[in-house]
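For reference, the structure is listed below as structure tokens.
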């Protein structure tokens, strides 16, 4: 594209009355650019002033002499964080803009910063450092004024970038540039009331005032009430500031002409709308008689709309050429995790699939197809998977992804359709800058990961008809008690597999590690081994009883074996004899945490264990499975007792077993609540950076979720964590660990809360007033706002009466910088500039699809009450799955736990092939128009992603809907197929 694209307009290529948007979209189409909204076409008008091509006006009115007019395709909106640029191509174009601004002297900085910027540029252009080549290249090419004096410094920096691909170099270049005071600044000459020469500029934060190249003032958007101009005067009207005695309502600046004022006013309007609004402002109705003032308005998508669009839309990958680079992009080099996009559906791939070409590597959303079932997908692997020594498959919505572990967050990025799979080409085909186009656009192999929420791909190889299953299902008993007993069987199989994770996999790891204290080995071995042995026998008895019930073993045997109460009573009484083991669960958590604190090596081994395929949920969750299993037995027995009439032969045994298990649950309830809370604090501790003593005695977790925080930079996505004494707010770290960095804390004692939608003009906004500061946040929906306000208000009231728990959670090293994100000024220093170079080199692997990341990507929240419900609502069994545009149904073993569906080929598999987090999804019944002519089918859908699942009976159909609704956005239970269709 050249340093910057310069195109001579050609009036004959489009209609004479075509608007500026038509031409702009043609340019984006030509570049295969999806995130084109950050750019604009710049030209000189008849007054020789640089102006932006107006998208709404006809081109003929803006360009009087087309053959002599040069349009320059340049960056128009500079975001505060380049991680918000989701495509590699977009970052490449931004890097070209930085390169141009450096060369022309517009981007000024100190010598060290300039040398560091140039070193990233030449790393992208010529590759790894070689002294002779590097020196000769710098002698032949000028990147900054007075470059000769800095050649040695540039080469010194270049030597440190070995292994960086062009994509990584672009990322690091933008990381350095965004910290500079003049980044994205376009100066407009002006004077103040005293006649002093100044310059005005606009940025994502608001209006800036410069004297020379030094920023002397900044007016954040939150402080600006109105911007206007009158003749040569540019006016900024401010909101009242009660903290200042000498308050000035209106600031006035003189510019060279009315046209200069109008040009600057227009770009201010566009910057404010692009960065501050959720959606494009609607046009005002035309006045009947006459108009007053300018009718100009921002036209196009806002930044939020652009990000949401790219996250939620699938594209066909279109490669682009780096005309200034002699280096071929090698996707094996890792990029910083720009977006660990959402939760994910993660599928695993065998190590033999590593033979894929580097050019085919993509970071995308998770998937449901195994490597064996989908040969067409085997040639894709993520850089992170290669670093960790294995490849795991993720697919979703037609995107195939290989991830380093089941816990790594999958995010929708690149969406290259699988060859020969026409159903992938629908929504993914040809979207350019948000418009449909024949060629389509994708994300770069080295690009960031998007939000984990699309749908798993069903490969044709895995599609099958299910006539045999249907015939077999018709031979099964129809009594509801049989299906309740079958639920006991399927969930017991999953429970035994979970026990194996501890007794086999984790126990063997501990035995090999010398640093493991004997107390930890003994408490796990002595409690889990007896449980595993007991439940192995229990499962065998249930399998035998179900075989007799179904008539598979002895078809002549009738009703004597069509019951399950006697088996339940016998084994529940056996579990009562093992109550001492169940009471040791909290002791195991404490021993494990104590051992990890004492040994860094053991802590690392536990972290690595959580990255293994068998550990599909956090390790601490497995340790609590025996307690949660009692709740499942209680629910199953309650359903049986409710179903049976008192005179039924099985009723007495079921009622006796229910009494025994209810007694155990009551005895263990108090310790179970405390243990679950402690387990949740330990889990959150792994997701947070910058906290001290999170799992302190007396601290209770209440809610976590995503809110938009209003600051000087506008609305910024933040992750909030509510405890019974403090509210933390964090941002997602730009590191390989995918952890969340704490920015600040608000003590609950003395906190008040009020709605503030009208005050700030932001939907679902409310203000938190703490002792030392106030914070304005906005929820994604009315229901989310109500949940947060209710929980915070209740917690604040309880904090007033509590005592003894300190609210100081932030690490001392973090406290000094906790409000840095709200500062409009980011100081430029060599330490800051070099930090990005080493941040990726020191980080350890980390789970990326924990519930915290799911909430981040789906912009929602989860409370401790939701977690408590989730441990009760667990289910396993066979389901038939179908995608929206596929013909056949695929049989899968499905496990619902931890707000997610995990997919296996059979119940004997040791680890899932894929997973689908359900937060944000809705569960409904297919309509007639969807042509699903089968019984017991329910639909899961999230935005454009749709799955159909088919169960074997009305009972299992109702149970799946019941448990899934406990984790999705829907809360109303659907009791039967007939009732659901009536809605």
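Here the Cβ of each residue, glycine as well, is placed from N, Cα and C on the backbone.
According to TrEMBL, the protein has these features:
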- 327-340: compositional bias 'Polar residues' (COMPBIAS)
- 345-355: compositional bias 'Basic and acidic residues' (COMPBIAS)
- 388-398: compositional bias 'Basic and acidic residues' (COMPBIAS)
- 823-833: compositional bias 'Acidic residues' (COMPBIAS)
- 1-279: domain 'FERM' (DOMAIN)
- 480-671: domain 'DH' (DOMAIN)
- 700-797: domain 'PH' (DOMAIN)
- 872-969: domain 'PH' (DOMAIN)
- 326-473: region 'Disordered' (REGION)
- 823-845: region 'Disordered' (REGION)
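Among the listed stretches 1-279, 480-671, 700-797, the one sharing the most Cβ pairs under 8 Å with the domain 'PH' (872-969) is 480-671. Applying DSSP to the domain 'PH' (700-797) sorts its residues as follows: 20 helix, 50 strand, 28 coil. Helix, strand and coil residue tallies for the domain 'PH' (872-969), in that order: 16 helix, 42 strand, 40 coil [DSSP]. The average per-residue pLDDT of the prediction over the domain 'FERM' (1-279) is 86, rounded to a whole number.
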